[in-house]
Amino acid sequence: MLHNNTAVPPLLEVSGISKQFSGVMVLKHIDFTLLPGQIHALLGGNGAGKSTLMKIIAGIEQPDKGSIKIDGNNVSHLNPTKAHQLGIYLIPQEPLLFPNLSVQENILFRLPKHQADKARMKHLLELLGCQLDLNANAGSLNVADQQLVEVMRGLIRNSNVLILDEPTASLTPAETERLFTQLRELQQQSVGIIFISHKIPEIHQLADQVSVMRDGGIALSGKTCDYTTDDIIRAITPAAKNKPLTDTEKRWSELNDNPQKTSSDLPVLTVTDLNGEGFRNITLSVKPGEILGLAGVVGAGRTELAETLYGLRPVLSGEIKLKQCPITRLKTVQRLKQGLVYLPEDRQSSGLFPDSSLSWNICSLTHNNRTFWVHPTYDATVVERYRQALNIKFSHINQPVKTLSGGNQQKILIAKCLEAHPAVLIIDEPTRGVDIAARNDIYQLIHNIAQQQVAIIFISSDLDEVVQMADRVLVMHQGEINGELTKQQIDVDTIMHIAFGEHKSQQAVSTIKTDKAASC
């Protein structure tokens with residue numbers, strides 16, 4: 001790990017950056033510095049503000065307040081082209097390559113002739129110790145090599161600030177180590193690297209400096225060696241309210257004709273040997289009132305499984321039963337009528353009608369049950385019930401849903417799902433992009449829904465969130481269930497080991513316990 005001289009002028013210096021969307025402060029007076037040859041890790045839960053900060057540095061978003069210095073010079077009105085010219089390159093979590101173009105064509109794409117130097121490109125590859133076939137189609141590369149092509153696109157453009165967003169999310173341990181070797185080579189070339197990750201062991205292995213964001217601010221910042229894993233986890237994890245919902249906030253279950261009133265040991269949903277697009281051999285069950293966590297890295301097949309259960313993707317083989325009745329061949333609308341409801345990950349494109357009113361959105365799943373025509377008086381009653389039950393903040397029921405904050409949009413989506421009378425509710429990344437106050441509201445709401453004997457499948461990439469919420473966890477790895485954890489076994493380290501295929505569940509639990517005992 002490189003030890004930098006603090007007298008060296010920073011490559012990047014961010015001071016007092018603030019930003020708000022729809023009245024919600026997503027960045028609050030952020031200070032952030034990157035030195036030459038430094039790997040500065042950035043961590044934080046979903047909605048902490050990491051992506052917004054990086055988009056501002058890369059010129060994709062404009063700050064409301066604050067200043068940015070690059071190589072000691074103040075810059076303003078950044079856009080992506082200007083950021084590239086100043087040496088800043090953002091490498092997204094999912095590489096954005098042209099799959100039908102060659103590796104060389106992708107690296108040199110849209111470069112002016114004086115920069116499209118093939119000899120220099122080959123020299124950079126040699127410096128990094130890479131063995132890429134420049135003539136191969138980019139679509140034929142594995143994810144690790146695709147990310148390397150993105151790194152090369154930055155370097156060939158003379159970038160000295162590289163921003164890597166969750167670069168190891170879909171990599172095997174061997175691919176991760178190869179990437180780290182190449183990043184250390186870049187350190188020796190005085191390239192500064194912002195490394196966004198939620199994997200704390202990787203941070204200790206790689207980074208010189210660490211900053212943790214929470215609720216739009218910097219909760220911790222300093223030399224990585226000065227902080228333990230527990231220090232970082234405490235900085236990341238939001239402080240839960242641990243306050244039960246009021247009687248008014250529980251009103252949805254009293255008024256909404258909840259179909260499942262009593263507890264039962266019989267599973268309400270059973271899946272047997274299910275195969276589909278992106279997953280295989282899935283067997284699971286969930287009981288009324290149970291929160292079943294579904295964990296795994298990006299690409300593990302969690303969302304594909306959820307969409308298949310809901311009928312959005314085809315079943316290749318296997319069986320799905322809801323309340324002991326086969327639904328494998330039923331269409332989505334039929335599964336919905338039977339009580340299987342899905343709250344999708346992307347609320348903007350899949351869950352909500354952004355330009356439509358609150359009332360239309362909340363009642364949209366049940367309009368066909370009452371004929372397709374809207375009933376304003378009835379809809380107003382429904383909206384008012386959920387306003388009180390979920391503490392939704394809005395001005396008028398005809399207000400377009402896109403004008404609400406992210407947290408209130410998510411509550412509208414939850415209300416829409418509850419109005420469909422779920423027996424099973426599949427929730428995919430429910431707190432992505434919402435602020436800390438709304439996040440804690442949503443945690444409490446999900447617990448309350450489960451208390452009404454609704455079975456919940458809870459999908460989240462935020463492992464602390466999974467630990468906090470789930471009664472039981474299934475961990476997916478490369479499209480299969482790699483392990484099951486009971487409530488007593490659930491912790492972040494164990495989930496991570498299983499999610500990356502290092503251990504099966506029982507082996508992971510015993511290994512983690514041994515490691516913790518040895519460190520005491």
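Cβ coordinates come from backbone N, Cα and C, glycine included.
For G44, G45, N46, G47, A48, G49, K50, S51, the entry in Swiss-Prot reads ATP binding site, with the evidence type sequence analysis. Look at Swiss-Prot and you will find 12-240 tagged as domain 'ABC transporter 1'. Swiss-Prot lists 264-503 with the feature domain 'ABC transporter 2', giving sequence analysis as the kind of evidence.
Everything Swiss-Prot records as a feature, shown here on the structure.
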residue : record           : contacts (Cβ under 8 Å, 6+ apart)
G44     : ATP binding site : K50, V212, M213, R214, A219, I236
A48     : ATP binding site : M213, R214, D215, G216, I236
G49     : ATP binding site : V26, L27, I30, M213, D215, G216, G217
S51     : ATP binding site : D165
Three-state secondary structure of K50 (ATP binding site) from DSSP?
helix
Tell me, how many other CB atoms lie within 10 A of the CB of K50 (ATP binding site), whichever protein chain they belong to?
23
Compute the average pLDDT of the predicted model within the domain 'ABC transporter 2' (264-503).
86
